[in-house]
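K.L.:
Dumping the structure here so I can ask a few things about it.
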Number of protein chains: 2
Amino acid sequence: MRTRPLKVALLGCGVVGSEVARIMTTHADDLTQRIGAPVELAGVAVRRPSKVREGIDPALITTDATALLKRGDIDVAIEVIGGIEPARTLITTAFEHGISVVSANKALLAQDGAALHAAAEQHGLDLYYEAAVAGAIPLVRPMRESLAGDKINRVMGIVNGTTNFILDKMDSTGAGYQEALDEATALGYAEADPTADVEGYDAAAKAAILAGIAFHTRVRLDDVYREGMTEVSAADFASAKRMGCTIKLLAILERAADGESVTARVHPAMIPLTHPLASVREAYNAVFVEAEAAGRLMFYGPGAGGSPTASAVLGDLVAVCRNKLAEATGPGESAYTQLPVSPMGDVVTRYHISLDVADKPGVLAQVATTFAEHGVSIDTVRQQGRPDGVGNEASLVVVTHRAPDAALSGTVEALRKLDTVRGVASIMRVEGE
Amino acid sequence: MRTRPLKVALLGCGVVGSEVARIMTTHADDLTQRIGAPVELAGVAVRRPSKVREGIDPALITTDATALLKRGDIDVAIEVIGGIEPARTLITTAFEHGISVVSANKALLAQDGAALHAAAEQHGLDLYYEAAVAGAIPLVRPMRESLAGDKINRVMGIVNGTTNFILDKMDSTGAGYQEALDEATALGYAEADPTADVEGYDAAAKAAILAGIAFHTRVRLDDVYREGMTEVSAADFASAKRMGCTIKLLAILERAADGESVTARVHPAMIPLTHPLASVREAYNAVFVEAEAAGRLMFYGPGAGGSPTASAVLGDLVAVCRNKLAEATGPGESAYTQLPVSPMGDVVTRYHISLDVADKPGVLAQVATTFAEHGVSIDTVRQQGRPDGVGNEASLVVVTHRAPDAALSGTVEALRKLDTVRGVASIMRVEGE
């Protein structure tokens, strides 16, 4: 076994970074055995050097990340700063100085993954990023390596813990969105500004990264259709329950039936209680993968948190260090299929639509005609007086068969214009059947 | 990209082998892109050359596997023969001729893994075996690589599809063991001789392999405590339901609390319905992993079948071919911790015990005293007249707190000797809490 240590620069020392440093110290012997050489924390770049960092030698702390990367003895950099800059420039600097990179940065990889992967390949270096998607859940490596001989047709995942916590609370307690969000915030599951989570931006970034791996095609963040979950109501959960469903915020990546294009989207959806994703509770993440030969697989675990994310980072660190020793690199980005990403209108799905309608004869016929005119076939209709007892009004719940999203949304637009339709109370897609 | 193809010898062409050959042909372009060089099926060793094999060039078929390996141009051998011989000799021959190996052979790896891994390492070659445990579920690679920077403390898995199908039927329909087994046989989920599955031999082989990976320690098949599930009854399921549990045949691998030893066992156990493993239905497999930093992870998917197993084999083929091109090898066997494997008596668990007792005062006191004398603390007792209405007898269901298995089985032995105890109707461990 080699005795000269591999040297690691840690860029960022927040919740994840400090946990990475801690494990590198406490589990140094294990890491040495698994890598085949000792691994040494050679420097830690931070913004606030005065902050007390327990267990980290103060001599390692620097505010000059660039100088740390340029000093000439670093083998691997771990980027756990997050955000676009300075992370992007630092990763590029690392590659220019022969340093392989482990990153947990989903925003950066979703936005600039292509350029960063190209830079890694150009310099013959590794860029590993297991921690960027679904925290500790081994997902990037299984999809990229274990399923490398298979063909993935569909990925459907709960990839944001905050929103899953909120939706699970709404499901189990009957709470409304705001009440459940307040509880998530109080318990530390939601940030003070929850926009990135509840509007689906975080999930969309992960969806873009996963779609790239699943389909060997480049999917940009802008290619991902995105709808948040702030309008999901207690009434929606009641409707879902009547259908034997629950509601989850899903990232769904699909290969078209003809195999010639892909779609990527994030939105709340009803899924049957019998689906493995339905039983994913609290802030857990899970990703369901359908592959041609392997069939239906699911990966489940904590999607965030310092320790789980550090676990994923360290798994990558071991792999990258082993590659360094072997003077090899792991599988790089694979975008050889270059399939076009189709717009949301091409996605084939089902709608669950709640309408407030005039309570008089002929309304159902009018509504049904509108669906038929748009080529959308109705699965079930449930008609009832409104629960709030407003006179002369009824609610109509329509669940459609599968149809292109464009036809479904066109139907909804037309329904809004009917004089017997007072309003569209909610629209939700139905998935997982 | 290299244009000279990597040459593959396929050893065995049954359900899995023929599917591997089919995918290698139909997805040749994808495999080329993912490996970085074309991959060519250079020979197929079979026992019965006269059998018609659709899609395989008859010129590739040979009955002389050894000659195929020795001809000098093979880069990778895929062993899907199964069983100990001739698979073991052929794998050894492959290594002696510079050929890396992908194997799906759980029996061989559980029995002779150490020698085979040593041979691979000695020759600087790869031995990959994702398909040997839990079919298509990426499990070996995630545990060996993604969690390489973490410390696995516990693995609990449903790793045999046949027995899960039988237990799921018993749970959902109230059927007895024989009736559920008959259905499994009729549907092709159980073999004519189901011994290897229902007596837990298959699960024990997988448990030995998984324990080795999880704990970086060598666990032999003989080290795995094994109990089959043929005595699980409809009454046990009724008892389980009353406790909010179901029954699964589990492979459980644990690091002792002091970290100085490990245990490995396969037996039926009650687990709470809220546990992620409880909702694993039909012939699906799932493995629950608890790691120090990552937390609770679960991997779910089809555990057997030609296509899923072929998917796992091909994922390994891509990795091994990439390693060949890079003149490197993947992570080999890691047994550096060399922890001792403790006997079943040291396992700390809970018992659910059904006793047939005389229906008279003082019985409960006598039974409770017996538990106390063995240092086993009782959690709950439920006393009731026997459902078959036999006079003068009652049943007593005792659920214990956690205690060493030796103390629990000692208690049961002592209970059997009490004159008020007519018989011990069933004993089942309770896990997953």
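Yeah, the Cβs are placed from backbone N, Cα and C, and that goes for glycine too.
TrEMBL feature annotations, pasted as is:
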- B:Leu11, B:Gly12, B:Cys13, B:Gly14, B:Val15, B:Val16, B:Gly17, B:Ser18: NADP(+) binding site (BINDING)
- B:Lys106: NADPH binding site (BINDING)
- B:Glu191: L-homoserine binding site (BINDING)
- B:Lys206: active site, proton donor (ACT_SITE)
- B:352-429: domain 'ACT' (DOMAIN)
K.L.:
Looking only at the domain 'ACT' (B:352-429), what is the mean pLDDT?
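P.N.:
89, rounded to a whole number.
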K.L.:
Ranking the binding-site residues B:Cys13, B:Val15, B:Val16 by other Cβ atoms within 10 Å, which is at the bottom?
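P.N.:
B:Val15, out of the binding-site residues B:Cys13, B:Val15, B:Val16, has the fewest neighbouring Cβ atoms within 10 Å.
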K.L.:
For B:Lys206 (active site, proton donor), what is the secondary structure state per DSSP, taken as helix, strand or coil?
P.N.:
helix
K.L.:
Which residues, in sequence order, are found in the same chain with Cβ within 8 Å of the centroid defined by the Cβ atoms of B:Leu11, B:Gly12, B:Cys13, B:Gly14, B:Val15, B:Val16, B:Gly17, B:Ser18 at the NADP(+) site, excluding those residues themselves?
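P.N.:
What remains near the Cβ centre is B:Leu10, B:Glu19, B:Val20, B:Ala21, B:Val80, B:Ile81.
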K.L.:
Restricting the comparison to the recorded positions B:Lys106, B:Glu191, B:Lys206, which residue's C-alpha is spatially nearest the C-alpha of B:Leu11 (NADP(+) binding site)?
P.N.:
B:Lys106
K.L.:
State which of the following recorded positions has the fewest other Cβ atoms within 10 Å around its Cβ: B:Lys106, B:Lys206.
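P.N.:
Each of the recorded positions B:Lys106, B:Lys206 was scored by Cβ atoms within 10 Å; lowest is B:Lys106.
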K.L.:
Can you tell me how the residues of the domain 'ACT' (B:352-429) break down into helix, strand and coil by DSSP?
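P.N.:
Within the domain 'ACT' (B:352-429) the tally stands at 24 helix, 34 strand, 20 coil.
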K.L.:
Measuring Cα to Cα, how many angstrom lie between B:Gly12 (NADP(+) binding site) and B:Lys106 (NADPH binding site)?
P.N.:
15
K.L.:
Find the one among the binding-site residues B:Cys13, B:Val15, B:Ser18, B:Lys106, B:Glu191 whose C-alpha lies closest to that of B:Lys206 (active site, proton donor).
P.N.:
B:Lys106
K.L.:
I need the least crowded one of these binding-site residues (B:Gly12, B:Gly14), counting other C-beta atoms within 10 angstroms of each C-beta.
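P.N.:
Result for the binding-site residues B:Gly12, B:Gly14: minimum number of other Cβ atoms within 10 Å at B:Gly14.
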K.L.:
Least buried of the binding-site residues B:Leu11, B:Gly17, B:Ser18, B:Glu191, going by other Cβ atoms within 10 Å?
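P.N.:
Looking at the binding-site residues B:Leu11, B:Gly17, B:Ser18, B:Glu191, the Cβ with the fewest others within 10 Å is that of B:Glu191.
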K.L.:
How big is the gap, in Å, between the Cα of B:Gly17 (NADP(+) binding site) and that of B:Glu191 (L-homoserine binding site), rounded to a whole number?
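P.N.:
Just about 19 Å between their Cα atoms.
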K.L.:
Roughly how many Å separate the Cα of B:Cys13 (NADP(+) binding site) from that of B:Glu191 (L-homoserine binding site), to the nearest whole number?
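P.N.:
Given the Cα positions, B:Cys13 (NADP(+) binding site) is 19 Å from B:Glu191 (L-homoserine binding site).
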K.L.:
Measuring Cα to Cα, how many Å separate B:Ser18 (NADP(+) binding site) from the residue listed as 'L-homoserine binding site'?
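P.N.:
On Cα coordinates alone, these residues lie 20 Å apart.
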K.L.:
Whole-number answer please: how many Å between the C-alpha atoms of the residue listed as 'NADPH binding site' and B:Gly14 (NADP(+) binding site)?
P.N.:
16
